[in-house]
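J.: These came from Swiss-Prot, pasted as-is:
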- 15-54: repeat 'WD 1' (REPEAT)
- 59-100: repeat 'WD 2' (REPEAT)
- 105-146: repeat 'WD 3' (REPEAT)
- 151-207: repeat 'WD 4' (REPEAT)
- 215-257: repeat 'WD 5' (REPEAT)
- 263-302: repeat 'WD 6' (REPEAT)
Amino acid sequence: MSQQASGAQVITNSGHDDMIHDAVLDYYGRRLATCSSDRTIKIFEIDGDSQRLTETLKGHDGAVWCVSWAHPKYGNILASAGYDGKVFIWRELNGAWSRIYDFALHKASVNVVSWAPHEAGCLLACASSDGSVSVLEFKDNSTWDYVIFPAHGLGVNSVSWAPATSPGSIVSSKPGPKATGNRRFVTGGSDNTLKIWAYDPATNTYKMEREPLTGHTDWVRDVAWSPTVLQKSYIASASQDGTVRIWTSDPANPLAWNCKVLHFDSALWRVSWSLSGNVLAVSGSDNKVTLWKENLKGEWECVKTIEE
């Protein structure tokens, strides 16, 4: 969801020559990165109601599907991924952008890249149509390490990290696990399932935490793990089957996930939580965005509809 509190800002001249697939504000809301089928990434400086194109990044050999900013504690770093199966890491230093790392081991389109919460380290998860997920890690000695593993045989469409802090840990007397011990994320695939993965230090890879979450009857297009760290864990999943499923887990039994289903009249593409984790935005092929909140009875209500 946008980090701007009020109003919508429209960039009428994006500079792109083809369809735009992603547009993401940085942590401070001062820079906007966009990517397109024209194979480029563009960086805009945002100042109040005005914006200025400052850089065009080139290097991908096909459509660029996704861009994602790292946390500013790691510098001005941007990841991009595209149809060419490549993941690029870009860095801006003293006003100049450069490509500091290329990852090209995926055998098909890389659909989504997602940075982990900064407390867990400088980690980037990448979801690919080749059925695998890779996790890139920037090490203290300025080198990059990676793991890559099969996730969904028919292709991986989405990935979302869990909060670095476990639910309930900030309100309980005993401390939560160390940040690196909570390296967990959820993936959504073309096999209609969600899978939750946890880092295993003994093997230096990620293993499925439990059996897949099932119920969708078509591709899972997006997953979003709520950033809230209060009483429960929440995961939202959006599917081409016209439903959003909201999965909840209690800290007392973290491997058990309950599900509530929201029904829509169209295929769904994206789900996104607010920064506080209590509002869910849903968008699909009907060109609407709906906002949902959980009421005191535990039911989900649509509180706003935004139409183009």
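Here the Cβ of each residue, glycine as well, is placed from N, Cα and C on the backbone.
Not measured: the values here are computed from a predicted model.
Help me see these features in their spatial surroundings.
T.: When DSSP labels each residue, the repeat 'WD 1' (15-54) comes out as 0 helix, 25 strand, 15 coil, counted as helix, strand and coil in that order.
Taking Cβ pairs closer than 8 Å, the repeat 'WD 2' (59-100) reaches residues 18-19, 21-22, 24-28, 31, 33-37, 39-41, 43, 106-115, 117-118, 122, 124, 126, 128, 130, 134, 136, 138, 144 in its own chain, all 6 or more past its ends.
Note on the repeat 'WD 3' (105-146): residues 62, 65-71, 73-74, 79-87, 89, 152-161, 163-165, 179-180, 182-183, 185, 187, 189, 197, 206 of its chain, located 6 or more positions outside it, place their CB under 8 angstroms from a CB of the stretch.
Away from its own ends, the repeat 'WD 5' (215-257) comes close to residues 157-163, 165-171, 185-190, 192-194, 209, 263-273, 275-278, 280, 282, 284, 292, 300 of its chain (Cβ-Cβ under 8 Å, at least six residues beyond either end).
Tertiary neighbourhood of the repeat 'WD 6' (263-302): same-chain residues 1, 3, 218, 221-228, 230, 234, 236-244, 246, 308, selected by CB-CB distance under 8 Å and a gap of 6+ residues from either end.
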J.: DSSP says what for the repeat 'WD 2' (59-100): how many helix, strand, coil residues?
T.: 3 helix, 25 strand, 14 coil
J.: Looking only at the repeat 'WD 5' (215-257), what are its DSSP counts of helix, strand and coil residues?
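T.: Per-class counts: 0 helix, 26 strand, 17 coil.
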J.: Looking at the repeat 'WD 2' (59-100) alone, can you tell me the average pLDDT?
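T.: A mean pLDDT of 97 is what the model gives the repeat 'WD 2' (59-100).
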